[in-house]
Each structure stands twice: as structure tokens, then as C-alpha cells.
Amino acid sequence: MSHSVKIYDTCIGCTQCVRACPTDVLEMIPWGGCKAKQIASAPRTEDCVGCKRCESACPTDFLSVRVYLWHETTRSMGLAY
């Protein structure tokens, strides 16, 4: 099952989510929109196991990284039974 990983622009570039991910789904990429000049990116969402460790590691008040499990994604799209 494929999960959706969304990175929000509230990312502060701390790398905590990248280090917490056991399957290397996340990586940091250059971005001038925050103090750290980098932001998390999720180029390998097909490897996401849905553990949400990245969410737990995020230090921002509004989670900058969110994992939507496949059943949550289909429900929000009106595709679940």
C-alpha cells in the first residue's frame, strides 16, 4: 500500500524527520524560504511504511510533515466504502 507524505512550508529545515525515517523516504533539498535554507522533501513515498516517526520527530507546533495512510487518503477523497 502506498502512503502520501506531505511537507508543509512551515518546515524549519531541522532534519529531525529525515533522521527519524527508517526507510529513507525523506531528504533535505535547498530552499530559501526558511532560516536553514533547506526543506524536507519526500521523493520516495513508495517506500513509506506509515510508521509516522517523521511526524513524531517534527518540533514545530504545526506538524511540517504529515503521513496520510492509504486508507486515510482514500477516505478523504471519497473513495472508501
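From the backbone N, Cα and C atoms, a Cβ is placed for every residue, glycine too.
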Identity of the [4Fe-4S] cluster 2-site residue among CYS21, CYS34 (reference: CYS48, CYS51, CYS54, source: Swiss-Prot): CYS21
Between CYS51 ([4Fe-4S] cluster 2 binding site) and CYS58 ([4Fe-4S] cluster 1 binding site): CA-CA distance (Å): 14
Shortest C-alpha distance to CYS51 ([4Fe-4S] cluster 2 binding site) - which of the binding-site residues CYS11, CYS14, CYS17: CYS17
Lowest local Cβ density among CYS11, CYS48, CYS51, which the record lists as binding-site residues, within 10 Å: CYS51
Residue, out of the binding-site residues CYS54, CYS58, whose Cβ gathers the largest set of other Cβ atoms within 10 Å: CYS54
